[in-house]
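Reading through the structure tokens given below for one structure.
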Amino acid sequence: MGRKLDPTNQVKRGPGKKARKQKGAETELAKFITDEETGPKRLSSRARKRVHNLKKPKENSKWLTPAKRKRKADEAESEDDSDDLWEKEEEEVEEEQQQLKKGGKEQVKKAAKSGLLPIERAAKKEKKLKETMGLESDEDDEEDDDDDDDDDVEKSDDDIEEEDTVQTNIDEMDAFRLPGAEESEKEGVLPLDLKTIHQRIKDNIEVLCNFSTKREEGKERAEYISLLKKDLSTYYSYNNFLIEKLIDIFPLSELVDFLEANEIQRPVTIRTNTLKTRRRDLAQALINRGVNLDPLGKWSKVGLVIYDSSVPVGATPEYLAGHYMLQGASSFLPVMALSPQEGELLLDMSSAPGGKTTYIAQLMRNTGVIVANDANADRLKSVVGNIHRLGVTNTVVCNYDGRQFPKVMGGFDRVLLDAPCSGTGVIAKDPAVKTSKDEADIQRAAHLQKEMILSAIDSVNAESPSGGYLVYCTCSIMVEENEWVVDYALKKRNVKLVPTGLDFGKEGFTRFKERRFHPSLRLSRRFYPHSHNMDGFFVAKLKKFSNVVPTAPAEKKEENSEASEMTEVTESPQKNPSKTVKTSKTVPGKASGSKGKAQANGTSGKEKANIKSKGKKDSPAGPKKAKVAKMDGETVKGPEAKKPTVKTTPSKADKKEGGRFEKKQNKKIKSPMKLPFDHFLFKLLQIYF
Amino acid sequence: MLLASILRTVARLVNDRRLRSPIETGPSVTTSVLTHVSRCSTGHSVHIVFLSYIVKMRPLTDEETKTMFEKLSKYIGENIKLLVDRPDGTYCFRLHNDRVYYMSEKILKLATNFSRDKLVSVGTCFGKFTKTTKFRMHITALDFLAPYAKFKVWVKPGTEQSFLYGNHVLKSGLGRITENTMQYQGVVVYSMADVPLGFGVAAKTTQECRRVDPMSIVVFHQADVGEFIRNEDTLT
């Protein structure tokens with residue numbers, strides 16, 4: 001409740017010493033006010049000198065005052081012109097000096113800039129000044145992203161730079177120009193620093209994303225892309241083949257994210273062994289030991305992610321007692337997709353080191369039987385170790401080549417095939433993949449995977465009451481190893497794709513470059529390190545709806561049981577010739593008509609090939625057909641033949657062919673080859689005599 | 001000549017059946033083929049090729065069974081019969097590559113499909129017979145010993161690590177021990193949180209353990225879970 005400052009208000013003064021001293025705010029103020037009204041006070045000599053100096057105009061004021069053009073733009077322009085020009089020139093020189101240090105790219109830019117006369121540049125800058133006044137802050141942001149050749153914008157960038165402090169060493173990206181031939185050569189000799197390359201990559205991608213607006217005149221997109229590929233290979237140390245493949249798969253905006261994600265490790269994850277403990281208890285026990293962890297995510301009830309730990313996670317007493325297993329998050333997915341039921345008969349074709357097998361066992365609660373197979377005997381030791389450690393009792397471990405499996409044992413309810421692959425999804429774990437993989441590796445892996453998936457399909461029992469499923473997965477992101485293999489399986493066997501049950505993840509490709517896959521391929525799932533924070537992975541779930549193995553094209557002519565037996569018996573040897581001929585790149589022209597080869601050559605789909613082959617076969621007739629078939633020893637024609645006589649001869653031809661190709665084929669061919677040969681020889685003789 | 005033709009027909013039969021539709025006929029095919037073959041083998045000299053189909057893991061002989069059960073009873077006493085007659089089915093022991101495997105009969109039937117050299121492990125491995133026909137129990141049997149163990153030893157938290165490295169348990173590390181433990185009795189070693197760590201042999205009776213000085217051994221180490229990392233190779 002202070003007094004209001006009202007001079008007219010005379011406050012009564014109370015008793016006491018203080019009241020007399022303090023006269024009140026109004027009176028205090030009056031003192032100040034009256035001071036000013038009194039005339040100028042008398043100054044000392046020094047003061048007088050000072051005042052005199054202040055009033056004098058300064059000669060050096062112009063060059064002493066810092067540039068405050070933006071604020072003073074309203075004032076006389078002419079004055080500023082010379083100032084600006086001068087300062088700008090200076091700063092440009094400075095910039096250019098900086099750029100010289102950076103290298104060839106900037107030299108190009110300088111050359112571009114020097115196209116205009118300084119005075120012209122200054123005039124343009126002036127024009128921009130007024131515009132940039134209000135947009136100052138926006139320009140600053142845009143400047144980093146803005147790559148263009150436009151001179152005007154170039155100048156405004158310079159303005160902004162000058163406005164910013166001089167020592168910001170940011171690259172001048174206003175003109176992202178492809179380096180000419182000289183610069184490229186120079187770069188070959190003197191390695192550019194990585195920072196420059198990184199910046200160039202970013203800017204190149206910016207240009208490519210808005211190509212029509214930001215492109216340089218006369219430069220093709222291909223040139224930008226080739227520069228990008230080169231830079232990416234240098235910066236991230238990949239070989240050219242892999243970079244090309246990755247550019248095909250990922251849109252440019254994701255490409256750098258993917259490559260960056262491959263440089264860092266994915267977080268360590270563990271899976272609780274529900275046969276021995278619960279996730280809650282395990283988490284508690286580990287926290288007591290000093291491990292910092294969290295549940296993996298909503299999608300998993302048994303996963304835990306480890307952030308850091310004071311004890312080695314792979315050697316705690318809980319680990320040794322089998323309470324958990326170190327497993328990548330992406331490895332949970334195929335088993336979740338497979339969803340094994342209790343009491344089923346399961347096959348895990350490539351089970352080492354046993355993480356998925358043990359997960360299956362814990363989901364089945366140790367009921368049923370699991371057959372854990374792996375082709376590599378050394379790695380099987382880890383499977384056995386893990387099985388015993390985790391307390392799994394319903395497993396048989398064996399050491400077969402996965403492709404032999406239908407012969408050894410069949411009739412499984414569910415099969416899991418984690419196919420051996422090129423490993424392009426787990427580059428973070430194994431950086432050697434970056435430089436060691438090339439076309440041949442991918443093709444070899446794809447071929448193996450195709451054989452294995454067919455064997456896996458043949459091992460599934462379609463009439464199983466609770467199953468009939470196959471889950472195919474790889475830790476690779478290459479389309480040749482993923483969608484292509486599944487598409488191949490769809491064509492070759494009576495299977496169909498079903499939803500995996502995984503609600504996250506990117507859908508598989510239904511088309512890629514020149515290939516077209518079955519539309520149901522979008523039910524498969526792809527996972528990437530940069531978008532899901534787990535290793536690159538591909539999962540597809542197939543259901544087998546019939547145990548009958550289809551003969552090569554869609555038509556199945558089974559005239560009599562014998563003939564059917566023959567065809568079925570011949571299937572496996574024939575499949576193999578077709579496969580081997582497929583893989584051998586030296587395919588004669590006629591052979592290319594066959595369905596199987598169409599895929600190897602990467603040409604169009606099945607239908608075309610079928611029509612071709614059908615057309616060919618229809619032309620000769622009768623016994624001539626058999627002779628033609630014999631002569632065209634290379635082609636696979638047996639099951640397509642309509643007459644039983646013709647059937648035997650082409651199959652015989654195929655047997656011969658099979659014999660020729662025996663070395664290339666798998667071992668399993670040899671035994672069936674010998675015995676049916678007798679049978680058919682006998683039959684042939686019967687027919688002809 | 002007759003033998004050869006018989007064998008050829010059998011071979012063709014085997015191959016045909018296997019090729020045509022192994023899925024449809026299922027495991028019953030294999031058993032029928034086996035019986036077919038065995039009929040041949042009783043009458044005539046057995047063709048070596050087919051041996052690989054017949055020879056699978058074999059049941060333990062009486063001698064072997066005796067040795068093994070003796071060892072087991074050291075740890076679990078008469079509870080061995082609980083191992084064999086389980087409520088969820090009959091379980092059995094089989095010998096394969098000198099190792100004893102414990103499995104249910106369901107698995108046994110399926111395991112016969114695999115050829116001897118390709119089969120690596122079935123069910124749970126309990127241990128192996130050495131060249132001098134002694135039975136050595138492996139840590140992999142712990143899951144079956146622990147629930148039925150008669151005599152137990154609990155080890156202090158500090159001594160856990162030492163035991164897991166393969167050292168014997170000293171008196172200073174002893175937490176608890178079952179009453180009336182005899183000397184050289186087989187015991188199962190637990191951590192204080194009741195997590196089984198391995199098994200061993202008691203070096204002293206319970207009474208003696210109380211009196212003896214802290215640096216003396218009370219439990220001889222026989223197997224511990226640390227072997228899963230240290231001796232992974234010896235498990236198969």
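Counting begins at 1 with the first residue displayed.
A Cβ is built for glycine as well, from the same backbone N, Cα and C atoms used for every other residue.
Residues or ranges marked as active site, nucleophile in TrEMBL: A:C475. Taken residue by residue with DSSP, A:C475 (active site, nucleophile) is part of neither helix nor strand, so it is coil.
According to TrEMBL, the feature S-adenosyl-L-methionine binding site maps to A:S350, A:S351, A:A352, A:P353, A:G354, A:G355, A:K356, A:D374, A:D401, A:D418. For A:A352 (S-adenosyl-L-methionine binding site), other Cβ atoms within 10 Å of its Cβ number 24.
TrEMBL lists A:43-55 with the feature compositional bias 'Basic residues'.
Marked as compositional bias 'Acidic residues' by TrEMBL: A:76-97 (among others).
According to TrEMBL, the feature compositional bias 'Acidic residues' maps to A:136-165 (among others).
Here TrEMBL flags A:567-586 as compositional bias 'Polar residues'.
Residues annotated as compositional bias 'Basic and acidic residues' in TrEMBL: A:629-643 (among others).
Per TrEMBL, compositional bias 'Basic and acidic residues' is recorded for A:652-664 (among others).
Summarising the annotation, TrEMBL assigns domain 'SAM-dependent MTase RsmB/NOP-type' to A:258-545.
Among the features that TrEMBL reports, region 'Disordered' is placed at A:1-173 (among others).
Annotation comment: TrEMBL describes A:553-668 (among others) as region 'Disordered'.
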Rounding to whole Å, the Cα atoms of A:G354 (S-adenosyl-L-methionine binding site) and A:C475 (active site, nucleophile) are apart by 15
Cα of A:K356 (S-adenosyl-L-methionine binding site) to Cα of A:C475 (active site, nucleophile), in Å and rounded, measures 13
The DSSP breakdown of the compositional bias 'Basic residues' (A:43-55) into helix, strand and coil residues is 11 helix, 0 strand, 2 coil
Within 10 Å, the Cβ with the most other Cβ atoms among the recorded positions A:S350, A:G354, A:D401, A:C475 is that of A:G354
CA pair A:S350 (S-adenosyl-L-methionine binding site) / A:C475 (active site, nucleophile), Å rounded to integer, equals 13
If you measure between the CA atoms of A:D401 (S-adenosyl-L-methionine binding site) and A:C475 (active site, nucleophile) and round to the nearest Å, you get 20
By a three-class reduction of DSSP, A:K356 (S-adenosyl-L-methionine binding site) is assigned helix
Expressed in Å to no decimal places, the gap between the Cα atoms of A:A352 (S-adenosyl-L-methionine binding site) and A:C475 (active site, nucleophile) is 14
